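Report on one structure; see the data block that follows.
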Amino acid sequence: MPSNKSVSDAPITQFVNCRILKNHKLQWEDLWVREGKILNPEKLFFDEQGFADHRVDCENKIIAPGFIDVQLNGGYGIDFSQASSDIRGGVALVAKKILEHGVTSFCPTLVTSPPHIYHKVIPELRVQDGGPEGAGVLGIHLEGPFISEEKRGAHPPKFLRTFQSGGVADLMETYGQLENVAMVTLAPELTNSAAAIHELSSRGITVSVGHSMADLSQAEEAVQNGATFITHLFNAMLPFHHRDPGIVGLLTSDRIPPGRTVYYGMIADGIHTHPAALRIAHRAHPAGLVLVTDAVTAMGLPPGRHTLGQQQIDIQGLHAYVAGTTTLSGSIATMDMCVRHFREASGCTVEAALEAASLHPAQLLGISHRKGTLEFGADADFIVLDDMLTVRETYIAGQQVWRK
């Protein structure tokens, strides 16, 4: 068939012999890519009389949307909460390394820090597209400092803050600016938190409840005010109680505004959350589960003492502790590891495990029209996996950026 490239002269790549994750199912279907986007082959055939310039044989493997990690504190010796002399270089190193774990986009996460750290680091962590140099940056996740002292976890207590008014003045005094910020985790029981949630939501920033002593009614009020996420469900919050289920109760609450989905992060590293708790959460609210790594500086490093934010942490096996304690301090898990563990622990389908690391975080951030999906017109950020869910190849904008 002769080619009519009236629409674009850009080369077309056709991925064949693959099962692609689409419409919540793995389907035997080819994937077509041009100019960094997923292409509709019917339009190509009938409107352009076009054909593929390149064919890639996937050898019966799975193609899924690239993973999105909305809670990543650092890794490979880099701590995003440290105001180093080369902040951008550190982010670039982590962005490059996580390609091998299938992550094509992420939110660099800053833990509770003093204002001068935020003022220096936030302007340096700019939103940017991914590519051969590394995964894309979707925006910063600010985890703290407006959190509960009782549920601070590994966050240093001396830098915790409360809201004076909850307005923009509080936020600017602490953070310096909100450009490039995608998400803020706060404790909704703090006085004036409602005003802060309104302010952040009105700016298009995702508000998450976490590191909190909130009861269910306080959590529901936060959602009614605009919060849409729960930071690492079960961790650093009141445990589930049958008379007041606390933040966990949001998974089955009947007071969620119509049309709104509450999403929740889960650290499926086999340490932070018992497999039974994973199963309970997933079966209660499968559409809201978002896998996160909450990975810290020591991801990819040997055991020993490392830095996280303003604190020292000890790595012992697969555990990361606040130095000298048994308090967990993030994880050293990678996203592909979390996907495999979640699949095994929950007994969910392959499709559900993959979507928890791709579609759901994209929906949470309001970008599922272009990320976390293989629908026509979406960004061609995807991964090739074998049946064991081991990542074999990673693509960003249709370009191979990593291969095993």
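Indices start at 1 and increase along the chain as displayed.
Glycine is no exception: its Cβ is also placed from the backbone N, Cα and C atoms.
Residues His211, His232 are recorded by Swiss-Prot as divalent metal cation binders, and the candidate that the same record lists for that site, out of Glu133, Glu143, Glu173, is Glu143.
Cβ neighbour count for His211 (divalent metal cation binding site): 29 (other Cβ atoms within 10 Å of its Cβ, all protein chains included). Summary for the recorded positions Asn235, His272, Asp294: the Cβ-based neighbour count within 10 Å is maximal at Asp294. In the three-state DSSP scheme, Asn235 (substrate binding site) falls into the coil class. For the pair formed by Glu143 (divalent metal cation binding site) and Asp294 (active site, proton donor/acceptor), distance between Cα atoms is given as 11 Å, rounded to the nearest Å.
Each of Gln71, Gly144, Ile147, Gly153, His155, Thr185, Ser208, Gly210, Thr231, Asn235, Ala236, Asp294 belongs to the same chain as Glu143, His211, His232, is absent from that list, and has a C-beta within 8 angstroms of the C-beta centroid marking the divalent metal cation site. Candidates Gly270, His272, Ser329 (binding-site residues) were compared with His232 (divalent metal cation binding site); those inside 10 Å Cα-Cα are His272. If you count neighbouring Cβ atoms within 10 Å for each of the binding-site residues His232, Arg243, the highest count belongs to His232.
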